[in-house]
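Below is one structure, written out as structure tokens, with a few remarks after it.
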């Protein structure tokens, strides 16, 4: 159903932009429709994220339509998880549909590339992707990021866990070999040094790895007290699943620092997740008015519990639309100016968009997996152990905005 | 000491790779057919197991049943589709089987969703064996033992029985089988079904280790190709040797130079083909 | 029938396509991408259709070209024409190496070797992230400004690509018509005979690889400038697969068929992916249909249609005698 409607919409938008070649670059009237592009992987290995992101965008658009009394729509753009396709779809949406607002980008590579494109075309791009460069060394005026960077993810998971487990002095890490993994690892190493923790070993692995038994064998031999898993997505699921089968859960504490949230719990099941610590950008159990409202409306509208992809896409779309309405324009510079420095009541409580690097300042969560018998409902996989905000200064993050 | 464990673990991984690849190898040997859908049959084996276990069946029922279902499905595909294209150039084998793999992958997403899931190891095999510093999951140990028995059984079938003789004769030339007075068409379907069924079995056995997700077939296909090429296409013992070699390389590299593990495997593959064109144990 | 197999006619069709794409497509990116992949597919066709080599390694050369553009333009400010030249040279060199090693085997073994190399180069690019940017790729690849002409706008970049496309397409057409090209066809038809007659078969195959690698790398470099990033995905196995699929869909008999294949695939993928998230299923069905019923690809379909039309309109007995010609054009035996 959604798909068919989407097609009709895109046809309608295309028609509109043909008739109104001068659409871009001028302030719009209150009756004009606002369209937000949702560039996410809908086919390919990250299809699950795209599917939920699409729903989140739709929900935000529907709410905005009601709130502002004007048509607000989303247009899904299938990036296939490839930067080349992502950029092509975004370029097309700029040219053919007159879309200047984009909320999406699951993978770091596609998000970095789309951010650059948004800047070139005077659009705005806001994302939940993992690459710190987005609001760090590759930051730009048109690109915003909602997700907490690697620094905060480690500070809000490793540090509280170190404090909770004063006897756990030996930590072992498993890290994906690329910028993101190294980002997490370096922050963790700093905390280890500060707290006098022995880093008994690290295993790097490639982004295509699926078999982690070799790394786990290394980890066991190092006799750690805590196993810190620093990869993400299906790789962290594979690592955790195999770690549990090697009986590591009984021998050490396990922390997955960058978990994907509910999707991951669903795929792994409570037996594996019980007693394991997870770091998360979002959790549907967060006790804030904004989140409770979202959980309620997602259950009513889609009969689902919002996961990170859905919630992230929802808040991104909402931020863009609110800013565009307030700015009275969909031009990138005007919308971005509206977003910059804004403080609002978000899903995780009070959130602020830092003006210097376009990074959203929000909480990161440390969760602990519940036993099956303790789950209140089928999605109640974890409890929130701690939460908080930790961010590098824009200078330390390396952002120099032109 | 760690290296000893890594080698043992590597043999464990390698046995699964062998099972995955041997079907591809046999199909190639008999039918001279490049099967890019082999990974998709592995995927189906894993998902059928997942589905049956979710429905409450015991793993011991689900595993063989999944393999048989994949076998039947593959034989059917052979009869309906693939036998029409054997005579065409390899280009079209690739086109059809890539298409088939895409269809199976997308159907998997439609039926079971894009998220993937977990298959718990069967009751009684979900613990670990502890020997000094070395820990190994019971289920993985079972997989090694099971595949070893299966390997011997398969070897006996291929080397010691009439069916094996027919398959071996056929892999040299299909006229041979016809000369022996056998129905080549029926044998082709059976061999294709058997080969794909073995991939399905590998998927079923891998499910409790790897879980299931819709794109697991792609990775499996890559590994199966590497193993077959290194071992020699059509060679049974070659697949066994190469499977273990790849598994051990992967596991030992995890200690030595993890990020280069895949690089080494593909470099090794290229070296083997250049130095020993038929693979380690391929027939000339 | 003579006309539609005439190389000048093929060039005319290619030029017509170049002129018509902007009229029918609103997307400058898609139009440029069709031409860029048209080049890569024609280069693959040179191996598959003309030499009979089924290469699963075209993504290597595409990726190499893309990285050359990324590295030279963002880190060394090398002028674009020089960069393109270097990408062509490097593409040819790597293709010679891959070709030299791969052609030692034939048939399926050859395919597997190219596949192995394609994986090998992917992991090489992934492992040496200092050079290639690893998973992030190389960002901020600029579009060219040459001698005061600004090609940074999408449609002006399209014309930049179009000129290069037509020039290279013409050169490739000439190559296939030359003695060299006819020798390649002779090798494809019967390698043993070509070898017995005294042709240095291996050298010819390597030369075909070199040309193919050069053109594919050029396409890769143009692509990086188009999308402004040199991504890791360009050197992935999937790029090889897609180029090969486009080649087969178009038809392996002549070079215009390659542009046809690239264009059809890209347009179809673009439309299907907006209709249905599971569009890859439809693609899978399409591939099987092509293999079963359109073995000479889209171009073969056009040939058949044209021959039917001419046969019915003229009702000359000629048409029947021309049928066997199709078989010769069939080619593409790996």
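Just so you know, glycine gets a Cβ as well, placed from its N, Cα and C.
What TrEMBL records for C:7-25, C:31-53, C:60-78, C:84-101, C:108-128, C:155-173, C:206-230, C:242-268, C:280-302 is transmembrane segment.
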CB contact flag for the transmembrane segment (C:242-268) and the transmembrane segment (C:7-25), at least three pairs under 8 A: yes
Candidates C:155-173, C:206-230, C:280-302; stretch with most C-beta pairs under 8 Å toward the transmembrane segment (C:7-25): C:155-173
Same-chain residues at least 6 beyond the ends of the transmembrane segment (C:155-173) whose Cβ lies under 8 Å from its Cβ atoms: 7, 10-11, 14-15, 18, 21-22, 28, 31-32, 35-36, 38-39, 42-43, 46, 84, 143-144, 149, 211, 215, 218, 222, 225-226, 255, 259
Chain residues in Cβ proximity to the transmembrane segment (C:206-230) (below 8 Å; excluding those fewer than six residues from its ends, i.e. six or more beyond): 29, 32-33, 36-37, 39-40, 42-44, 46-47, 50-51, 53, 55, 58, 61-71, 73, 80, 83-84, 87-96, 98-100, 102-103, 132-133, 137-144, 157, 161, 164, 168, 172, 175, 180, 184, 243
Leading contact stretch, C:31-53, C:60-78, C:84-101, C:280-302 vs the transmembrane segment (C:108-128) - CB distance under 8 Å: C:60-78
Contacting positions for the transmembrane segment (C:31-53) when only residues 6+ beyond its ends and CB under 8 Å are counted: 14, 18, 21-22, 25, 61-62, 103, 110, 154, 157-158, 161-162, 165, 168-169, 172, 175-176, 181, 184-185, 187-188, 191, 204-205, 208-209, 211-216, 218-220, 222-223, 226, 243-244, 246-248, 250-255, 257-259, 261-263, 265-267, 331-334
